[in-house]
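S.K.: One structure, pasted below without further comment.
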Amino acid sequence: MAVALQFSRLCVRPDTFVRENHLSGSGSLRRRKALSVRCSSGDENAPSPSVVMDSDFDAKVFRKNLTRSDNYNRKGFGHKEETLKLMNREYTSDILETLKTNGYTYSWGDVTVKLAKAYGFCWGVERAVQIAYEARKQFPEERLWITNEIIHNPTVNKRLEDMDVKIIPVEDSKKQFDVVEKDDVVILPAFGAGVDEMYVLNDKKVQIVDTTCPWVTKVWNTVEKHKKGEYTSVIHGKYNHEETIATASFAGKYIIVKNMKEANYVCDYILGGQYDGSSSTKEEFMEKFKYAISKGFDPDNDLVKVGIANQTTMLKGETEEIGRLLETTMMRKYGVENVSGHFISFNTICDATQERQDAIYELVEEKIDLMLVVGGWNSSNTSHLQEISEARGIPSYWIDSEKRIGPGNKIAYKLHYGELVEKENFLPKGPITIGVTSGASTPDKVVEDALVKVFDIKREELLQLA
């Protein structure tokens, strides 16, 4: 599956749209000539293109009208029970069930496994996959497309590919929506899709199956509130992540900060260098955030009123810390009594993300020899599980499937910031205790397959000693 399909945005020239009142109110637009649909490469240094629409275009009204249209579905097609039975056969694990029924700890030979008390498929992911499966059953003869990977897990994405659900192709860094025809069905993934892509699909009159996680749409509602109150959205996330791209498309003015270091820089700029001295000139600011700000962003004018939002898969504690920093920054600049006019906050932290992070914080306090973190290598929430374990100094191995283990006692894994590492003899000799967790997009069966590989290595070790 091409990496270039991630982080997609539309670039639309303003002259390609004209007014049409019946679609989304007085500010609606209709297409007059061909769209140029660009996709970023996923490169950290690549720009994240944005749609250029009339200033009167109301994304909230458009989305509301879209959800009420006959060609839109976000609740499935009445095949939930049989679909969940199929998913249960494909994705569940007897080993993990044994762990859960035995207090999340169990031993197989020389291997004791301690399982995090919250792990794996979250409700939003299970719902997205279920609806995608239902769509295939509901439309057995139609061509099914998806605007991006349904979730960040190679096993699930391959399964949908086998079901003939195709990802919109990319040529010359451009997403080719021209392949989509009127009678086709297009699935929006769990991360959501930008309002620009929704507009194009609605314009084509295709059947839209929306699997966007409700927690993601909650963030969209938050940035729309920021926009209504003329607050700039400070989005804690990765500017080239699909979810953040979609969220930004619903915002007014925005800036995306990846971590506390970038948040400190922004707050130092707001305070004129009186926070920690990390910021510099306006020109340097604009260069630093050139791929992470809204069109026409001016830090001197657009950081007077700010609201916090987040990519739902980021570290909960860091999002909260950034929010507190922004609030205290506004207190320092404008006075405690005036802070409500300069800072606004709504809780947009995903319960599932929080639960999985809390569970691994608990697990790293256990006595374990190593941590096995299972999840897609492009999964943001899984990277943070790895980060938490690494920070505690535990040997931690982030793999996306059992294929990363072997031959023999060897593993290929990623560190939380993405570096690929290979290690020989990663399993210590003798009895071992391993911690196990998995990202919110990871089926239990993938974790089981990895554990079976571990058991096989330790079993071979015992046979050699016999």
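Glycine residues also receive a Cβ, built from the backbone N, Cα and C atoms like all the rest.
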S.K.: Given that Swiss-Prot assigns HIS241, THR312, SER379, SER380, ASN381, SER441 to the (2E)-4-hydroxy-3-methylbut-2-enyl diphosphate site, pick the one from HIS152, HIS342 that the record assigns to that site as well.
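M.R.: Of HIS152, HIS342, HIS152 joins HIS241, THR312, SER379, SER380, ASN381, SER441 in the (2E)-4-hydroxy-3-methylbut-2-enyl diphosphate site that Swiss-Prot records.
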S.K.: Which one of CYS213, CYS267 goes with CYS122, CYS350 at the [4Fe-4S] cluster site, as Swiss-Prot has it?
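M.R.: Candidate in the recorded [4Fe-4S] cluster site: CYS213.
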S.K.: Please state whether DSSP places SER380 ((2E)-4-hydroxy-3-methylbut-2-enyl diphosphate binding site) in a helix, a strand or coil.
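M.R.: SER380 ((2E)-4-hydroxy-3-methylbut-2-enyl diphosphate binding site) sits in a helix per DSSP.
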S.K.: With a radius of 8 angstroms around the mean position of the C-beta atoms of CYS122, CYS213, CYS350, what other residues of the same chain does the [4Fe-4S] cluster site pick up?
M.R.: TRP123, GLY124, VAL125, ALA190, PRO214, TRP215, VAL216, THR312, ASP351, ALA352, THR353, ALA440
S.K.: Among all the protein chains here, how many other CB atoms are within 10 A of the CB of CYS213 ([4Fe-4S] cluster binding site)?
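M.R.: The Cβ of CYS213 ([4Fe-4S] cluster binding site) has 24 Cβ neighbours within 10 Å.
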S.K.: Report the same-chain neighbours of THR312 ((2E)-4-hydroxy-3-methylbut-2-enyl diphosphate binding site): residues 6+ apart in sequence with Cβ closer than 8 Å to its Cβ, ordered by sequence.
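M.R.: Sequence-distant Cβ neighbours: CYS213, TRP215, VAL216, VAL219, GLU243, THR348, ILE349, CYS350, THR353.
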S.K.: Using all protein chains shown, find which of the binding-site residues SER379, SER380, ASN381, SER441 scores highest when you count other CB atoms within 10 A of its CB.
M.R.: SER441
S.K.: Which of HIS152, HIS241 (the binding-site residues) has the most other Cβ atoms within 10 Å?
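M.R.: Top count of Cβ atoms within 10 Å goes to HIS152.
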S.K.: Give me the Cα-Cα distance between HIS241 ((2E)-4-hydroxy-3-methylbut-2-enyl diphosphate binding site) and CYS122 ([4Fe-4S] cluster binding site), rounded to a whole Å.
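M.R.: Distance between the two Cα atoms comes out at 19 Å.
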